[in-house]
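Feature list (source: Swiss-Prot):
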{"type": "BINDING", "residues": "11-18, 24-25, ARG63, 90-93, LYS101, 117-118, 185-186", "note": "substrate binding site"}
{"type": "ACT_SITE", "residues": "HIS12", "note": "active site, tele-phosphohistidine intermediate"}
{"type": "ACT_SITE", "residues": "GLU90", "note": "active site, proton donor/acceptor"}
{"type": "REGION", "residues": "117-142", "note": "region 'Disordered'"}
{"type": "SITE", "residues": "HIS184", "note": "site 'Transition state stabilizer'"}
Amino acid sequence: MAEPRTLVLLRHGNSDWNQKNLFTGWVDVELSEQGVAEGQRAGELLAESGILPDVLHTSVLIRAIDTANIALKRAGRSWIPVQRTWRLNERHYGALQGKDKAQTLAEYGPEQFATWRRSFDVPPPPIDDDDEYSQSRDPRYADLGDALPRTECLKDVIERMLPYWESDIQPDLASGRTVLVTAHGNSLRALVKHLDGISDADIAELNIPTGIPLVYRLDEDYRPIVPGGEYLDPEAAAAGAAAVAAQGSKK
């Protein structure tokens, strides 16, 4: 039997807008002090477990890039090769980007709020190109043209993420490398949905906490040996996932 392939998923640390309870999406916001500490702890968990990444795949958003750099430095792996892609970006929240989650919940009600936030195939209203939180003039997306999202649902995230999973991440796993993917709540939910075969309905209940490595051992067909993977700090992961689920209720 072939050796299991090791995939480590890491959601970026807490960001300034996570702390302010704002919809972030593709807006490029910095880590908070808490997020920096989470990145450091993630690196310590990797080092303590002996799960040392050989290659990093991350989004082009600074909160994921910085989390990965902080974690890898703490784990003594700053030198590994890196690939960055917009396909691992957070879900684009459209016209909700920059809006307060609690205010949005109060304004539109729990049903509409839940639909925009957790529906598999219903995106929020699209963002205008001249909105201050639009990416229409961001140079990192200049080559996307009409493919630049103006809003997304989770289904859209899966459709733009899976080609990269197949073309770039799977080959690294097949070569025997331990792969670290540092990304975002929804791009990681999209990948976990694919790995674990989670239904369109059940994925709404999955929450991924910030800053805690989630380790998957995959067989030769890229199926999880342990469904759901294993967090390197299960207790902190459970508390973090509960905090993510409660977003919107905070003032």
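The first residue you see is number 1, and the count goes up from there.
Backbone N, Cα and C atoms are what each Cβ position is placed from, and that goes for glycine too.
Annotated features taken from Swiss-Prot, shown on the structure.
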residue : record                                          : Cβ within 10 Å
ARG11   : substrate binding site                          : 30
HIS12   : active site, tele-phosphohistidine intermediate : 32
ASN14   : substrate binding site                          : 24
TRP17   : substrate binding site                          : 20
GLY25   : substrate binding site                          : 26
GLU90   : active site, proton donor/acceptor              : 25
ARG91   : substrate binding site                          : 27
LYS101  : substrate binding site                          : 20
HIS184  : site 'Transition state stabilizer'              : 26
GLY185  : substrate binding site                          : 20
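In this structure, the C-alpha atom of ASN14 (substrate binding site) lies 14 angstrom from that of the residue listed as 'active site, proton donor/acceptor'. Put simply, of the recorded positions GLU90, ARG91, LYS101, HIS184, the one whose Cα is nearest the Cα of HIS12 (active site, tele-phosphohistidine intermediate) is HIS184.
Helix, strand and coil counts from DSSP across the region 'Disordered' (117-142) read 5 helix, 0 strand, 21 coil.
Secondary structure at ARG11 (substrate binding site), taken from DSSP and collapsed to helix, strand or coil, is strand. DSSP assigns HIS184 (site 'Transition state stabilizer') to coil in the three-state reduction, outside any helix or strand.
DSSP assigns the residue listed as 'active site, proton donor/acceptor' to coil in the three-state reduction, placing it in neither a helix nor a strand.
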